[in-house]
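According to TrEMBL:
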- B:82-271: domain 'ABC transmembrane type-1' (DOMAIN)
- B:24-43: transmembrane segment (TRANSMEM)
- B:86-111: transmembrane segment (TRANSMEM)
- B:131-155: transmembrane segment (TRANSMEM)
- B:203-229: transmembrane segment (TRANSMEM)
- B:249-271: transmembrane segment (TRANSMEM)
Amino acid sequence: MKQLAARLLAGVGVLWGAATLTFVAIHFSAGDPVLAILGGPDAIPTPQQLAQVREEYGFDQPLWVQYGRYVGRIAHGDFGESYRLRIPVTEAIGKQIGATLQLALSAALLAIGLALASAVLTAKRNPWVRRVASASELVLSSSPSFVLGILLLLVFSFQWPVLPPAGSNGWQTLILPTIALALPIAGMLSQVLRQELEDILEQPFIAMARARGLSQTAVRLRHALRHALVPLVTLSGFIFASLLGGAVVTEMLFARQGIGRMMLDAAVAKDAPVVLGITLLAALVYVGVNLLVDVLNGLIDPRVKPR
Amino acid sequence: MSTYAIPWRFTLALPNTFRPGLSLAWLFVIGLSIAALVPHWLTGIDPLAAAARNAYLPPSSSHWLGTDENGRDVLARLIHGVRPSLLMGLVSTAIGLGAGIILGLAAGLGPRLVDGAIMRLIDVLLAFPDLLLALVIITFWGQGLWITLIAVGVASIPRFARMVRAQTLVVRDAPYVEAATTLGRHRAAVVFRHVLPNAVKPILILATIGIGHNIITGAALSFLGFGASPPAPEWGSMLAMGRNYLANAWWLVAWPSVAIILTVVSITAIGRDWLARSEGKSR
């Protein structure tokens with residue numbers, strides 16, 4: 001319990017650091033920070049907007065008061081208002097996050113499923129099987145989502161039109177983006193899992209289980225896999241970060257809705273509150289995921305004690 | 001093992017097991033280097049020479065990989081695109097590596113307070129996904145090739161800083177460092193003559209693999225419109241253009257895709273082979 005509290009505190013520390021870093025970004029941006037919030041150096045905000053932002057962020061106050069206000073607002077979940085959409089950032093994120101969650105969740109399931117299947121089927125098998133498996137893992141993990149996505153579009157939407165090229169309505173529009181987002185992650189995970197599984201299959205308890213008369217497959221599924229799940233859980237943070245980064249390009253490529261696309265549009269339009277809101281949300285989820293990982297690892301493998 | 005006791009010595013003897021995949025990877029990287037340094041050795045065609053009459057020609061004997069929407073030769077653009085695409089990976093990795101070495105050394109050798117502060121900063125940087133961090137930097141400091149390079153570089157600082165710190169902690173207490181300190185060598189001399197060279201090999205291996213990763217992030221940012229400016233040939237922006245003509249010109253996206261994937265595969269394969277050998281494993 002005490003360790004968990006310490007981890008929780010460290011997580012809050014990271015988030016505080018993240019908020020501080022964004023505060024630094026606003027103040028050291030090229031040009032006037034007020035303009036940075038309202039659309040960059042080329043923006044033409046109304047005097048009303050200028051006054052509102054000055055008041056909201058307290059730009060006439062000393063720096064430490066501004067900092068305190070800023071961190072305080074973020075702690076309350078208030079990321080300001082998007083100058084472009086003219087609604088609070090949290091509301092804008094709320095509208096778009098469903099589509100991204102749908103895509104990320106289906107991609108995560110596909111990636112983990114593929115990686116588990118490949119690891120269980122190829123670990124410690126015929127050298128040729130392993131060679132083919134590790135070569136395809138290398139190619140997949142080296143192929144960025146936007147390249148895979150374009151190739152998928154080319155084949156399945158244009159040369160051989162079976163799936164819609166764009167949109168975010170209906171399950172058909174979800175298939176290609178899911179595959180494009182999942183394959184690089186699956187390649188990466190599969191490498192780690194297979195290595196782990198091969199190490200585990202050399203352990204004495206595996207030989208024991210085989211000696212008890214369990215088949216090779218049963219040993220893999222019932223004994224080895226459970227241990228191989230530890231690195232999978234540990235990699236959750238990595239999976240999450242890849243999904244979110246991949247969502248930016250995938251949603252753009254397939255003209256889907258979602259916070260990835262919103263982030264990109266906001267970066268192009270210099271809509272700082274939206275960019276920072278989504279980034280801080282990503283940091284929050286990342287910290288949350290890693291906290292959960294510590295707890296889960298303790299449950300899966302009681303020997304792992306959180307530090 | 002004895003081969004690797006001395007840093008910076010490469011064996012030229014043939015490997016006992018011939019690995020065709022790895023040889024191909026080396027061949028491809030050598031080809032890329034030639035294309036990056038002297039592209040006109042490989043193609044005589046000007047990558048910017050537009051001829052509307054020749055637009056959208058499929059691959060043929062006169063244009064091996066076809067022509068684009070302005071009638072420019074795709075092969076010539078691919079070859080001339082090697083330099084910006086590779087530089088994207090190399091320069092951003094160099095930026096990340098430089099900053100990572102400074103932060104990692106300071107954390108590994110400095111007082112505990114400094115170590116703690118730097119590691120917390122790294123934790124914070126790690127909490128932002130690479131591409132999102134790059135987009136934040138672009139939002140606040142504007143678009144442009146250099147901003148993009150710095151953005152990709154900054155995103156790779158945490159990996160390098162952690163690695164350098166871990167290596168430094170290992171080397172710091174080695175007998176030869178203690179000996180050098182006892183002999184009265186200046187602290188900076190000990191750091192740069194003894195600690196850094198001995199910590200550098202695993203870091204360079206990580207950097208090699210990191211180049212592949214950064215080529216991907218750089219190409220993604222170019223694809224999104226934040227990299228090289230349009231007429232210049234660059235793989236990410238070639239894909240972004242070709243994306244508009246998927247229905248009638250498959251060759252505009254197929255070849256840059258293949259180029260990106262093969263490049264990253266080759267660099268990663270070479271990096272991993274180096275890693276496996278340095279760990280004394282030959283697979």
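Cβ atoms are placed via backbone N, Cα and C, with glycine included.
Among residues of the same chain six or more beyond the transmembrane segment (B:24-43), those with a C-beta under 8 A of the stretch's C-beta atoms are 73, 75-76, 79-80, 82-83, 86-87, 262-263, 265-267, 269-270. Taking every recorded stretch in B:86-111, B:203-229, B:249-271 and counting its Cβ pairs under 8 Å to the transmembrane segment (B:131-155), the highest total belongs to B:203-229. Sequence-distant neighbours of the transmembrane segment (B:203-229) (same chain, 6+ residues past either end, Cβ-Cβ under 8 Å): 84-86, 88-90, 92-93, 96-97, 101, 130-131, 134, 138, 143, 145, 147-149, 151-153, 155-156, 159-160, 163-164, 167, 235-237, 239-240, 260, 263-264, 267-268, 270-272, 274-275, 278.
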